[in-house]
Amino acid sequence: MVMLQLAAVVLLALVASTMAGDADMLQDVCVADLASPIKLNGFPCKADITADDFFFAGLKRAGNTNNAAGSNVTAANVQSFPAVNTLGVSMARIDYAPGGQNPPHTHPRATEIIFVLEGVLEVGFITTANKLFTKTVTVGDVFVFPRGLVHFQQNRGRGPASVIAGFNSQLQGTQVMATTLFAAAPPVPSDVLAKAFRIDNGQVDAIKAKFK
């Protein structure tokens, strides 16, 4: 009986692990056909493929960081690099102006690992117990952000910074906390946010105005 219970626990653990990331591939390759009208969980396969489908040059150059956050994310996920369809991986290049920030956000479908190409960054994540883990990283350093946890990167150097990020999903999903709450469409009611943040409706409306 004990062995049966143990086997059941192991089986549940194995099932849970297979559900934790993208589904397993059922064939060698399945380059995404982004133009297909068929809608499913993922993307249908392109019929005719060449070596060029498996090549992506988009991470060579720094992105434009002239924006409010002072950062730019260049994604190499299934939407921009269809070859990763069904492969359970994707990448991104993140560039930061001096003082720039990749604001607090979460990836519901992937763990993220970064490798620092340039600069000095303060990085961190917050657990569901509201504990902050933070570290200053520089060229050659690696840091990992567990799946689903709120995390951020802030350029603490005097010059630009950049990292390469890897994800264990073809499309990790990204929710930026401030944008999600204050720029949703239709908008989250101001009184809901006012109560959540212990501020008044007018202050909420002022914050919302900054995201328009």
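Start at 1 and count along the chain as shown; that gives each residue its number.
Placement of Cβ uses the backbone N, Cα and C atoms for every residue, glycine included.
What TrEMBL records for 1-20 is signal peptide.
The Cβ of Cys45 (disulfide bond) lies under 8 Å from the Cβ of Gln27, Val29, Cys30, Val31, Ala32, Asp33, Asn85, each on the same chain and at least six residues away in sequence. Annotated disulfide bond per TrEMBL: Cys30-Cys45, in sequence order.
Helix, strand and coil counts from DSSP across the domain 'Cupin type-1' (57-205) read 22 helix, 59 strand, 68 coil. The feature domain 'Cupin type-1' is assigned by TrEMBL to 57-205.
Here TrEMBL flags Asn102, His107, Glu112 as oxalate binding site.
Sequence-distant neighbours of Glu112 (oxalate binding site) (same chain, 6+ residues apart, CB-CB distance under 8 A): Val144, Phe145, His151, Ala165, Gly166, Phe167, Gln172. Positions annotated as Mn(2+) binding site by TrEMBL: His105, His107, Glu112, His151.
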Seminar exercise, completed: Cβ proximity for Asn102 (oxalate binding site), under 8 A, sequence spacing 6+, ordered by residue number, returns Ala69, Ser71, Val73, Ile94, Tyr96, Phe152, Gln153, Gln154
Exercise. Given the model, what does the mean pLDDT over the domain 'Cupin type-1' (57-205) come out as?
Worked result: 97
Exercise. What is the total of other Cβ atoms whose distance to the Cβ of His105 (Mn(2+) binding site) is within 10 Å?
Worked result: 20
Exercise. Counting every protein chain present, what is the number of Cβ atoms, excluding its own, within 10 Å of the Cβ of His151 (Mn(2+) binding site)?
Worked result: 22
Exercise. For the Mn(2+) site given as His105, His107, Glu112, His151, which other residues of the same chain have their Cβ within 8 Å of the site's Cβ centre?
Worked result: Thr106, Ala110, Phe125, Phe145, Leu149, Val150, Gln172, Thr174
